[in-house]
Amino acid sequence: MISQRHLSTRHLKMLVLDEADEMLDRGFKEQVYDIYRYLPPSTQCVLVSATMPNEILEMTNNFMNNPFRVLVKRDELTLEGIKQFFVAVEKEQWKFDTLCDLYDTLTITQAVIFCNTKQKVDWLTNKMREAK
């Protein structure tokens with residue numbers, strides 16, 4: 001889509017490749033390289049990988065200027081203190097109320113909430129600010 005100009009990267013500020021090692025293992029190396037070629041030079045790139053194979057290191061050297069590497073020892077990879085929730089909600093309009101219920105019930109100091117569109121992120125941001 002990018003190479004055929006159906007998807008513009010002109011205003012892209014950040015690219016995050018999660019499970020980068022898995023993407024390479026599954027044969028997506030050329031597609032990842034193609035995406036990088038179309039990024040504006042100012043785009044911040046983040047690669048997240050459970051392992052750091054040579055291919056990942058090579059990729060950071062090829063596409064990143066002065067990459068900053070955060071390496072964590074395997075024994076320090078723990079989810080201690082991190083809680084994950086998935087709540088199946090029947091109707092779209094119930095999702096925000098369910099999220100508010102979680103915040104009312106639990107002590108949440110930090111959270112990562114995934115949305116499937118930028119419009120949903122903007123909507124959720126506004127709703128959460130209004131609900132403060």
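Cβ coordinates come from backbone N, Cα and C, glycine included.
Listed in TrEMBL:
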DOMAIN    1-70  domain 'Helicase ATP-binding'
Secondary structure composition of the domain 'Helicase ATP-binding' (1-70) [DSSP: H/G/I, E/B, coil]: 25 helix, 8 strand, 37 coil
Segment confidence, the domain 'Helicase ATP-binding' (1-70), expressed as mean pLDDT: 82
